Amino acid sequence: MELVSVKDLTKTYSKHNVVDHVSFDLHPGKCVALLGPNGAGKTTTLRMLAGFIQPTSGTISFNEDTLSKDFRKYVGYLPQHPSFYPWISGEEFLHYAGQLAGLTKHEVSDRSEKLLQLVHLTDAGKKRIGKYSGGMKQRLGIAQALIHQPKLIMLDEPVSSLDPIGRREVLNLIRELKKDATVLFSTHILNDAEEVSEEILLMNDGKLIEQGPISEIRGMQQTVTIRLAFEKEPKFIHEKLKEIDSVYQVTEQNGTFDVSVHDLNAARDTIFSRVQEEGWELSLFEITSGTLEDIFMKAVNK
Amino acid sequence: MQWTVILKKELTENWRNFKWLWVPIVFILISIMDLISTYYMPIIIESAGGLPDGTVIDIPMPSPSEAMLMSFSQLNMIGILILTVISMGTISGEIKSGVYELILAKPVKYTNYVTGKFFSYWLLMMVSLLLGLLASWYYTNLLFGELALSQMFIAALFYACWLTLVIAIVILYNTWFKSPGLIAFLSIITVIILTVMTNIFGHVLGWSPAKITEYISIYLHTGDLDIEIWFSAIVALLLSLACILFAIVSLRNRAID
């Protein structure tokens, strides 16, 4: 049973379809990445799902509640650049957000204590938000989105403005979150999507152009590319690679070889046996094709 | 209740940014400024020593009701300016900074959001106005003669209706525009247009809220409450209500970018 079902969702701003007949379902306990280049309509889609922009046409239905139109109580939302009141402390803001969502004073202090712990802000909880760093604000943003235990958590570009450490923390947090709720997050960084999500929705120019489990989408790829580099380039390596069965193309760029193959397993076995037999000093072996980047580029350029 | 949560947050905010401190103080200062300078004018002129010997200085002392009216006329200019400036960013600022998006993602009713904000500024206005007029009343009694406290209170309550409308106008503009400066500017322009129109077409616009100050002056002089002051006050409150309702609808239909 799906948690949310979206049908023909469309949003038109001055005759331009920013979101164009998008339909998908979200299932409980899954982490879904909403991918797409900038301006693809990701944020608008999330805002409609968050319930504070009305779609021009189409429907969003929560299986919890088909009657009421206001489903904001089931949704936790973190905007791309969350901003807070600088004069309020992190803890106070969580109290405010929780009470707005209908929690009692008692519930909210319980909950905010746990959340501050979850996002590692226990010590900073009493400090005014004006003194917070960007990463701390992002984490507080996640905490405020979770305060009312929503069924669906939506994060708009949660990691794109963070440094590598902050990014790692937030990705780990997302992994935690999907234990209790459905997570939908938008990103244009494909690695992040691959790392934590099971399913992807790929948007371009307002349209949903690809959707499904990552493994399935990857399986639709016809060919695979292996990227190779060597500490010391063996003689005639270009020719030797080309002789391998199922290899049909080898390109070289700055000492890195992109080897396109039909059968990944056979090609991989051959390459490794050659590495042993002929003592190739391999420094890089990477399967680059079938990654989201490939799918992404193909789908967007279609 | 959601409404009280919002109101409490607004009150805390205005407490922490010292509005609850400086607005009442400024209202007190502008209320008593003219009284004191008028009373001491002969001494001020004398100590300045600019007049030749033999000049007779004869400045008539204002009556108590005239003295209080000086406070009202100051409040009507500087007071309105201050009210506009302190509330010009209450909604637009939140939309601009983006915190509005976080608030809106919670199941917040637009009605609670708008009226909570309106009421917090209304309270600040009431407290400042009453303190300012109390100070003015105190100095009037001290320097110019007796005026009943009840008369001051009744005048203050009618005047509050006019200021209520001012706040409601600022709140309405808050839901239309993003720039606080523009909101303050348009609010003041609106008040000026209302006042000028009322002055020009006074004979047909007897019920105009901008007439309240004029009726208050009659009331302070004669002690009689005309039926027209009631009309003006009721129209002011009805218009305020209309502004607030309109603000709620505008905010609900507003697209955030």
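The count begins at 1 with the first shown residue.
Glycine is no exception: its Cβ is also placed from the backbone N, Cα and C atoms.
Taken from TrEMBL as is:
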- B:20-41: transmembrane segment (TRANSMEM)
- B:67-86: transmembrane segment (TRANSMEM)
- B:119-140: transmembrane segment (TRANSMEM)
- B:152-174: transmembrane segment (TRANSMEM)
- B:181-201: transmembrane segment (TRANSMEM)
- B:229-251: transmembrane segment (TRANSMEM)
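Between the transmembrane segment (B:181-201) and the transmembrane segment (B:119-140) there are fewer than 3 Cβ pairs closer than 8 Å, counting only pairs 6 or more residues apart in sequence, which means the two stretches are not in contact. B:119-140 is the stretch from B:119-140, B:152-174, B:229-251 with the greatest number of Cβ pairs below 8 Å to the transmembrane segment (B:20-41). Taking Cβ pairs closer than 8 Å, the transmembrane segment (B:152-174) reaches residues 68, 72, 75, 79-80, 83-84, 87-92, 114, 117-118, 121-122, 125-126, 129-130, 133-134, 136-137, 182-184, 186-187, 190-191, 209-210, 212-213, 215-216, 219-220, 225, 229, 232-233, 236-237, 239-241, 243-244, 246-247, 250 in its own chain, all 6 or more past its ends.
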